[in-house]
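**Student:** Got these off Swiss-Prot a minute ago, pasting:
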- Asn228: N-linked glycosylation site (CARBOHYD)
- Asn243: N-linked glycosylation site (CARBOHYD)
- Ser6: phosphoserine (MOD_RES)
- 645-678: region 'Disordered' (REGION)
- 844-864: region 'Disordered' (REGION)
- 1-36: topological domain 'Cytoplasmic' (TOPO_DOM)
- 58-72: topological domain 'Extracellular' (TOPO_DOM)
- 94-119: topological domain 'Cytoplasmic' (TOPO_DOM)
- 141-167: topological domain 'Extracellular' (TOPO_DOM)
- 189-193: topological domain 'Cytoplasmic' (TOPO_DOM)
- 215-262: topological domain 'Extracellular' (TOPO_DOM)
- 284-297: topological domain 'Cytoplasmic' (TOPO_DOM)
- 319-338: topological domain 'Extracellular' (TOPO_DOM)
- 360-376: topological domain 'Cytoplasmic' (TOPO_DOM)
- 400-416: topological domain 'Extracellular' (TOPO_DOM)
- 438-466: topological domain 'Cytoplasmic' (TOPO_DOM)
- 762-914: topological domain 'Cytoplasmic' (TOPO_DOM)
- 37-57: transmembrane segment (TRANSMEM)
- 73-93: transmembrane segment (TRANSMEM)
- 120-140: transmembrane segment (TRANSMEM)
- 168-188: transmembrane segment (TRANSMEM)
- 194-214: transmembrane segment (TRANSMEM)
- 263-283: transmembrane segment (TRANSMEM)
- 298-318: transmembrane segment (TRANSMEM)
- 339-359: transmembrane segment (TRANSMEM)
- 377-399: transmembrane segment (TRANSMEM)
- 417-437: transmembrane segment (TRANSMEM)
- 467-487: transmembrane segment (TRANSMEM)
- 741-761: transmembrane segment (TRANSMEM)
Amino acid sequence: MASESSPLLAYRLLGEEGAAFPPNGAGVSGVPSSRKLSTFLGVVVPTVLSMFSIVVFLRIGFVVGHAGLLQALAMLLVAYIILALTVLSVCAIATNGAVRGGGAYFMISRTLGPEVGGSIGLMFYLANVCGCAVSLLGLVESILDVFGADATGSSGIQVLPQGYGWNLLYGSLLLGLVGGVCTLGAGLYARASFLTFLLVSGSLASVLVSFVAVGPRNIPLAPRPGTNASSVPHRHGHFTGFNGSTLRDNLGAGYAEDYTTGAMMTFASVFAVLFNGCTGIMAGANMSGELKDPSRAIPLGTIIAVAYTFFIYILLFFLSSFTCDRALLQEDYGFFRDISLWPPLVLIGIYATALSASMSSLIGASRILHALAQDDLFGVILAPAKVVSGGGNPWGAVLYSWGLVQLVLLAGKLNTLAAVVTVFYLVAYAAVDLSCLSLEWASAPNFRPTFSLFSWHTCLLGVASCLLMMFLISPGAAGGSLLLMGLLSALLTARGGPSSWGYVSQALLFHQVRKYLLRLDVRKEHVKFWRPQLLLLVGNPRGALPLLRLANQLKKGGLYVLGHVTLGDLDSLPSDPVQPQYGAWLSLVDLAQVKAFVDLTLSPSVRQGAQHLLRISGLGGMKPNTLVLGFYDDAPPQDHFLTDPAFSEPAEGTREGGSPALSTLFPPPRAPGSPRALSPQDYVATVADALKMNKNVVLARACGALPPERLSRGSSSSAQLHHVDVWPLNLLRPRGGPGYVDVCGLFLLQMATILSMVPAWHSARLRIFLCLGPREAPGAAEGRLRALLSQLRIRAEVQEVVWGEGAETGEPEEEEGDFVNGGRGDEEAEALACSANALVRAQQGRGTVGGPGGPEGRDGEEGPTTALTFLYLPRPPADPARYPRYLALLETLSRDLGPTLLIHGVTPVTCTDL
């Protein structure tokens, strides 16, 4: 539990020796700080190189040639709108607090929780793994175009053998080079990336100059794979220079077969390839653990990189459309080299871009994997990824990722992987947008990012656009990715994860609950929609576990509050003793599997504490209308924690994770004869207080004897037939007459019916006992009662019971303390209570009837079949001096009846209208 002194942010200024910690928690005990990268080297450079990847050199012609300039621009605009929406969300989350290693995974998991964050983090990791393989395959393709045995053109040095096995070998060798750089750490990676950035920038500059400086030329096209070069006439593509007719020819779409795969291209397939090249916006965020100031570097560097790459793509699209015919664009994806003033510089750019993109994907994947392993979401399967070097470099995660990339290289074809990689990236982007949307909708005061150029509209549009594009690109891959995410989330939920990160779902639920509680108007309540809202007062849950579960069954979709009064005076205590108890009571609710709130209070007496809880428990229109108490008798309390399987604890007294066992958090049951916290006088006074507050009252006796199968959560499969007996008559003031079922009697019928609707009680039969006066003819009253039950839609058996000469007739009286103040003496009341008890026991099969004024019973009944008995609870007497006598009569009335509920209802709860 957080205290007043608990910080809102875990941020330490000084270490143990007084040395200042690095910002954002960079310093880790025993591990040197690895936060060395600036905004430019840590975010701008890797993001630009990842967003260019091989697309900028090898797929510009592919996109423009198949889609045409207009559709290519539309694709680029759509792609960058999606990216921009996600970038806004990334910037908002990154500027709302300290960002540690793991990048997008860290943001998602700390917002949506470990289940969703872990599943999407693993998928984003796989997307980076596949992205690394795609970049390497593109690099192999570009190398073989020049140096392969089947390469065409006079500039080709045809020394490298080709084929699936050779291509796999080349990719594996390049992967070894990339993995070696990443294994040596982020510092070497940053220097290599900067060198690569310079090479790529120089290469792109030479290409842009070549579009203007080179004159028209014919460029020979290589024969398609699988064709005999000698039997196919030589074909040429044309570089026309800036030409208006070339631009007009390239404006519209011209989808054809991809000469590398033979597959027919469509808008979706071309967009997948283009978008895959633009999906590197998280490259900088993935390096969050190595950035000096990630909260500033991530938003600033990402925005700069996105704007720069968008401008370069637009420029290349226009230049290609103005100068190259469609045949050249569609049949020679590496035409930049053919039109360059110095072709080797383009080759250097291609190789450098592909290498840098693969390095960025591999090192980003390793950081995500290391963060997943540190959070221990997937157990020992990711244990090797926790290994770090002395400088904090997670080389174990790098080697782990290297092995997975090697497996992906077996797929072989660049465009084959593009759709899957794109869909996985889109899932991660949608999750980032959803995280920001959730934080914005939750309206939590601590969500106040310094980056404010976003709103819930941009977040929602980002989520929708990502999901739409997923299914547009590949419906199968999109459906499979969502299914995979669901399975991983279910796995993590079943396994359990850290709960200290915070769940935005809790903030969203609070926001929605508050909104609807304000709309829940008590002035609009109607008896048709009445439901029980219970406040169960418990002294020690060890002895009240069956009652705890029975009350959970009685609530029927209503409110259930578990209340407890701690005796004490806050003025004489150094701190509030109630707050530390909440955790134990919430654990009790979880283990007992009941749907209850917990409300604790501190009071000098139990009676005053009960008054507090009756007045202040609940909120708005959700406040208790019924008080439930255990019965006050001399029976020794039982410790149900010892016999209930849900509460069985390890021998050492600790639960999983090292937390104290629940059995150690509650005191042992009260020993027989020991003093009680509540006197008989205060017990009856508490009942009287509840009735004065217009609350219904339920007193539960002997609930520990309930059949265990009736307290289970599922349907009961008990072979024994059980009854639920209802006596809707004040047995301490017997009377006949046509109107004896009053408000309290109807409340009994309602509560018994509610219990019969619970699956565990479906097989139990509801019996209602109709008490007849000595001069009342049988049949007539039963007919009236059956008509009433029919109107109330209550299915039950009706059994007539004839009282002796002591029964009264007439309408029920509303006099408080009816039987006590009704003129009967104590001896007569005691005799009547004994007679009523014998009557009920006889109908249960617990014994035969005897005594004056007793009913006609059934002798020789075999064993009790009644699982639970509902009895009418009379009002307490008006004179507090008679409270002990009242309690003694209740004890006599309910003695040896087994599980019994004595109920007094004060509010109408039934309705016969539609």
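Placed from the backbone N, Cα and C atoms, the Cβ positions cover glycine too.
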**Student:** Report the mean pLDDT of the predicted model across the topological domain 'Cytoplasmic' (438-466), rounded to a whole number.
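**Tutor:** Taking every residue in the topological domain 'Cytoplasmic' (438-466) and averaging pLDDT yields 89.
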**Student:** Which number gives the other C-beta atoms within 10 angstroms of the C-beta of Asn243 (N-linked glycosylation site), all protein chains shown included?
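**Tutor:** Result for Asn243 (N-linked glycosylation site): 16 other Cβ atoms within 10 Å.
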**Student:** Is it the case that the transmembrane segment (263-283) and the transmembrane segment (194-214) have 3 or more CB pairs under 8 Å, with pairs at least 6 apart in sequence?
**Tutor:** no
**Student:** Counting by DSSP secondary structure, give me helix, strand and coil numbers for the topological domain 'Cytoplasmic' (438-466).
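**Tutor:** Going by DSSP assignments, the topological domain 'Cytoplasmic' (438-466) contains 16 helix, 0 strand, 13 coil.
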**Student:** Using a Cβ-Cβ cut-off of under 8 Å, list the residues of the same chain that are 6+ residues beyond the ends of the transmembrane segment (467-487) and lie near it.
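**Tutor:** Contacts with the transmembrane segment (467-487): 78, 82, 116, 119-120, 123, 268-269, 271-272, 275, 419-420, 422-424, 426-427, 430.
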**Student:** Quick check on the topological domain 'Extracellular' (319-338): DSSP residue counts for helix, strand, coil, in that order please.
**Tutor:** 15 helix, 1 strand, 4 coil
**Student:** At a threshold of under 8 Å on Cβ distances, which of 37-57, 73-93, 194-214, 339-359, 741-761 pairs most often with the transmembrane segment (417-437)?
**Tutor:** 73-93
**Student:** Decide whether the stretches the transmembrane segment (120-140) and the transmembrane segment (339-359) have at least 3 CB pairs under 8 angstroms, with pairs required to be 6 or more apart in sequence.
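**Tutor:** They are in contact.
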**Student:** With DSSP helix as H/G/I and strand as E/B, how many residues of the topological domain 'Cytoplasmic' (360-376) fall in helix, strand and coil?
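**Tutor:** So the topological domain 'Cytoplasmic' (360-376) is made up of 16 helix, 0 strand, 1 coil.
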**Student:** For the transmembrane segment (37-57) and the transmembrane segment (741-761), does the number of C-beta pairs under 8 Å, pairs 6 or more apart in sequence, reach 3 or more?
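**Tutor:** Checked: the transmembrane segment (37-57) vs the transmembrane segment (741-761), no contact.
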**Student:** Under a Cβ pair cut-off of under 8 Å, which of the recorded stretches 194-214, 298-318, 339-359, 741-761 contacts the transmembrane segment (73-93) most often?
**Tutor:** 298-318
**Student:** Take the C-beta pairs under 8 A between the transmembrane segment (298-318) and each of 194-214, 339-359, 741-761. Which stretch has the highest count?
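**Tutor:** By Cβ pairs under 8 Å, 194-214 leads among 194-214, 339-359, 741-761.
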**Student:** Can you tell me which parts of the same chain pack against the topological domain 'Cytoplasmic' (189-193), counting only residues 6+ beyond its ends and a CB-CB cutoff under 8 A?
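**Tutor:** Residues packing against the topological domain 'Cytoplasmic' (189-193) from afar: 36-37, 41-42, 45-46, 49, 181-182, 356, 359-360, 363.
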**Student:** By DSSP, what is the split of the topological domain 'Cytoplasmic' (284-297) into helix, strand and coil residues?
**Tutor:** 10 helix, 1 strand, 3 coil
